[in-house]
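Right, one structure below, let's go through it.
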Amino acid sequence: MSRWPQCRGSLNGSQPGAMGQRGNGSGRGEAADEESCGAVSVAFPLIMMSAGIVGNALAMLLVSRSYRTKESRRKRSFLLCIGSLALTDLLGQLLTSPIVISVYLANRSWDAVDPSGHLCPFFGFSMTVFGLCPLFIASAMAVERTLAIRAPHWYASHMKTRVTRTVLLVIWLSVVAFALLPVAGLGSYSLQWPGTWCFISTGDRQLTGSLFFACTFAILGLLSLVLTVACNLATIEALVARCRTQGSSPRSSKQWGRIAMETLIQLLGIMCVLSACWAPLLIMMLKVLSSPSSFEHCRTFPSGAPRPELHRECKFILTAVRLASLNQILDPWIYLLLRKILLEKLCQAATAVSKCSNTEWKERSSSLAQEMRQ
C-alpha cells in the first residue's frame, strides 16, 4: 500500500520505494528527499496531541464543575455544547494522533503499522467524523447564541437542556452515518501524502460515488462555516444595537457594555480561528476534485526527483490538514479557557483606548472653548 518514500538514513531507506532510488543519483534527489522528510517531522503530531489532550481535558473538567452549580442553570445548554465539543476533539486526538506517530516512528511506512490494510479505513472514518462534528457543533452553538440574543423570549421558553441534548445526538448520529457511506460502497478512504494518514479519496474521479462523497464532505464543511459566520455576525449586530439602546440607562450601561465587549471579541475570535483552520482544507478538496490531474504527483511520485514546486503543492495539502487538526486544540481555549483571562485583558485595553480618546477629545474641546472666549 505504501507508495511514498521513506526518510533517508533508515534501515530500509534504500528500498525501491524510497525516494533516493527514484532520483538520478545526483544531489538534487537527496536534497528533495531531505526536504520532504523535513516537512513531515514527527514533532508536529507529538506536540499537537499533547496540547489537544491537555486543553480538552481541562475544558471538560471546568464544564463539569460549572454545570453542577445552581448559578449555571441558564447556561446549561451552552455548557453542554462546550462539553460535547471538548469531548469530540479529545476523542479525535486520542484515536488519530497515536496512529500518525506510530507511522512516523516506523519511518513513514504505513505497511509496517497496518499490514492488514484495515487501519486506513478506520483512520479515514475518524478523520471524517471528528472533522465534521466540531464544525456542526460550532454551528449549533452559533445558532444558540443568535437565538438567545435576538429572540430571548422564545429562547427562554423553548430552548431546554433536553432540546440541546437531542440536537447534539442528531449531529453525532448524522455524521457517523455519513462517514460510514464508504462501507455501503459510496466513496472510499485512501492513503494520503506523505503516507502517514488516510482520508477521503479524491483521485477516483471516474467513480461517481467517490466524487459525490468527497464533494459532499467539502460542501457540508463550507456550509457549516458560512452558517457559523452568518449567525455570529447577526449576534454581533444585535449586540451593537442593544448597546446603543442601553446607553440611556447609565447604571446598566457599564455592565452591559463589558458583557457585550467580551462576547464581541469571543465571536470574532471564533470566526477567525474556524475560517483559518478549516477553509484551506475544504477549498483545497474542491480544487483537487475539479482538477485532479494537477495533484496526481501527490498520490504517485514520478520516476525522477520531484520538482520543488510539486513538493510545495503537496506540502500545502499537508499544512491544510494540520491547520484543521489545530482547530481541535484551539477550540477549548477560545470557547472556555481563555475567555476570562484573555477577554478581560482585551476589554481593559479597549476601555483604556476609549478613555484616552474621550479624554483627548474633551481637552481639545475645552482648549477650543477658551480660545473662542479670548
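Glycine is no exception: its Cβ is also placed from the backbone N, Cα and C atoms.
What TrEMBL lists as region 'Disordered' is 1-32.
Residues 79, 82-83, 86-87, 89-90, 92-94, 97-98, 100-101, 104-105, 322, 325-326, 328-329, 331-333, 335-337 of the same chain sit 6 or more residues outside the transmembrane segment (42-65) yet have a Cβ under 8 Å from a Cβ within it. Per TrEMBL, the feature transmembrane segment maps to 42-65 (among others).
For 55-335, the entry in TrEMBL reads domain 'G-protein coupled receptors family 1 profile'. The predicted model assigns the domain 'G-protein coupled receptors family 1 profile' (55-335) a mean pLDDT of 83.
The feature transmembrane segment is assigned by TrEMBL to 77-101 (among others).
Marked as transmembrane segment by TrEMBL: 121-143 (among others).
The transmembrane segment annotation in TrEMBL covers 167-191 (among others). For the transmembrane segment (167-191), same-chain residues at least 6 beyond its ends with a Cβ under 8 Å from one of its own Cβ atoms are 1-4, 80-81, 84, 110, 120-121, 123-125, 128-129, 132-133, 136-137, 140, 197-201, 203-204, 207, 209-210, 212-214, 216-217, 220.
Annotated transmembrane segment per TrEMBL: 211-243 (among others), in sequence order.
Within the same chain, residues 135, 138, 142, 145, 200, 202, 214-215, 217-218, 221-222, 225, 228-229, 232-233, 235-236, 239-240, 316-317, 319-321, 323-324, 326-327, 330, 334-335, 339, 343, 346-347 sit at least 6 positions outside the transmembrane segment (264-286) and bring their C-beta atoms closer than 8 Å to a C-beta of that stretch. Summarising the annotation, TrEMBL assigns transmembrane segment to 264-286 (among others).
Tertiary neighbourhood of the transmembrane segment (121-143): same-chain residues 78, 81-82, 84-85, 88-89, 91-92, 95-96, 99, 167-168, 171-172, 174-176, 178-180, 182, 189-190, 197-200, 217, 220-221, 224-225, 227-228, 231-232, 235, 270, 274, 278, 324, 327-328, 331, 335, selected by CB-CB distance under 8 Å and a gap of 6+ residues from either end. Remote same-chain partners of the transmembrane segment (211-243), defined as residues 6 or more beyond its termini with a Cβ less than 8 Å from a stretch Cβ, comprise 128, 131-132, 135-136, 138-139, 142-143, 145-146, 149-150, 178, 181-182, 186-188, 200-202, 204-205, 256-257, 260, 263-264, 267-268, 270-271, 274-275, 278-279, 281-283, 285-286, 289. Tertiary proximity for the transmembrane segment (77-101) is limited to same-chain residues at least six positions away from its ends with a CB under 8 Å from its CB atoms, namely 42, 45-46, 48-49, 52-53, 56-57, 59-60, 63-64, 66-67, 113, 119, 123, 126-127, 129-131, 133-134, 137-138, 140-141, 144-145, 159-161, 163-165, 168, 196-197, 328-329, 331-332, 335-336.
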